[in-house]
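For reference, TrEMBL has these:
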- D299: active site, proton donor (ACT_SITE)
- D36: [4Fe-4S] cluster binding site (BINDING)
- G434, M435: substrate binding site (BINDING)
- 12-431: domain 'Nitrogenase/oxidoreductase component 1' (DOMAIN)
Amino acid sequence: MKLAHRMHAGPAHIGTPRVASSFKNVHAIMHAPLGDDYFNVMRSMLERDREFTPVAASIVDRHVLARGSQDKVVDNTTRKGREERPDLIVLTPTCTSSILQEDLQNFVRRASTTSDFDVILADVNHYRVDELRAADRTLEQVVRYYLKKAHGRETLGRSLAKIPTANIIGTSTLGFHNQHDCRELKRLLRGIGIGVNQVIPEGGLVGDLNNLPRAWFNLVPYREVGLMTAVYLDEEYGMPYVSTTPMGILDTADCIRQMQECVGKWAPVLLHREVNYEPFIDQQTRFVSQAAWFSRSIDCQNLTGKRAVVFGDATHAAAMTKILAREMGIHVCCAGTYCGHDVGWFTERVSGFCDEILVTDDHTEVGDMIARAEPTAIFGTQMERHVGKRLDIPCGVISSPVHIQNFPLGYRPWLGYEGTNQIADLVYNSFTLGMEDHLLDLFGGHDTEAVGEMTHALTDKELSWDTESQLELSKIPKFVRGKIKAKTEKFARHNGIGKITVGVMYAAKENFGA
């Protein structure tokens, strides 16, 4: 076991509340010690949502450690039910509850017998899965539970809607631009005459899940959350699904053509006509998306051959790699993801579009790779943005983990044709262009010190490092070591110092504000 810190994906007990809190009137109760219940703070800070269902906590304290939970979990569950009148309560185990080896399923059964609401235990192994896989599994579990319940009560909606409809599966709270993406997907579906049957889990009602099979097909925009549910609906009810993420001009067109195939199976029978979405693709590509025109402009041609590193979740990293390589002519020297469970799909998607593929959840490996590749720009998560700041490499954020700045108040979708415009802007603005460098130098935007002012600079002499300073330098992480060394030597030359000591290193650090 290794100590996990600065993780790209959070623990499982964050993934389950993400799904539960996305539904309306569904409550999650986390059986956890004080300190693990930070979900509410995180969501209210990042999404700035006016109304959301908070996650409650059944605290594991010293009394629980001494005597076990006994009736505490059951009492907290029934009390929450009386106060909030939820449709469903999801009991969320944590690593702590697993260590205590408490029978949480028994607590759920006891709470269910005295309640008029549903109670289920999140069926996730909190030692083996991360936030994303826990969210994916929890959503599938909730859908399976209510469809089986509807089947037993003979309230399951099996007849197809009279017009083409789709379920959008996987948009959830704390997802990267998920709410904006959902609006854009609805607009896209409406443009080709497809209605939206349900959107789950974000804004959905568990009481309506019995009508999920009425849709003609399911649309899964993100592989990380929703794919298990789509596979279950396909196997159990024969519902086709489209899992191609409509991100970028080419993949958006591919996604629409796959939706045409799904609708085309029933259109001759139920609509008495064939469907053809090619005119819509052509019109949107030429007149709504500016990215197709931009890719042929002189501005985008200036980006041709520039080097980029891409890293993020499997969905966004794969899509971004293909956009950069196929649509903008940018050289992707490395594409990577922290979704190790989806390595096969990711490798297949990005092979041929990059020089190197990196699959890891170790942020130091990612930092070392970026320092080694020396790209012109990075497209990654907030963690890669921090690496870029240390290495003076610009970074555009394309994936979770994110910060509050990645939850904009304005409309900023990443999917669909409007999403292509947002991506083109991000890519173009992430690169430092030649004219920009020239103007910054001309007007003093960069740290350009005149050679005449460096009267004491030792530009022609080799600097030496004493033993203690070399030891201190070796303790610095590799992905920033080169930058620290260069800045220290720059400071020494500027101040006429020929031998670098630990004291000089700290003086340089203070001078540069590192």
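Residue 1 is the first one shown; counting continues down the chain.
Positions of Cβ are set from backbone N, Cα and C atoms, glycine also.
TrEMBL labels come from automatic prediction, so no person has curated them.
Between the C-alpha atoms of the residue listed as 'active site, proton donor' and the residue listed as '[4Fe-4S] cluster binding site', the distance comes to 48 Å. D299 (active site, proton donor): 12 other CB atoms within 10 A of its CB, across all protein chains. Annotation for D36 ([4Fe-4S] cluster binding site): same-chain Cβ neighbours under 8 Å, separated by at least 6 residues, are H13, M30, A57, T94, T96.
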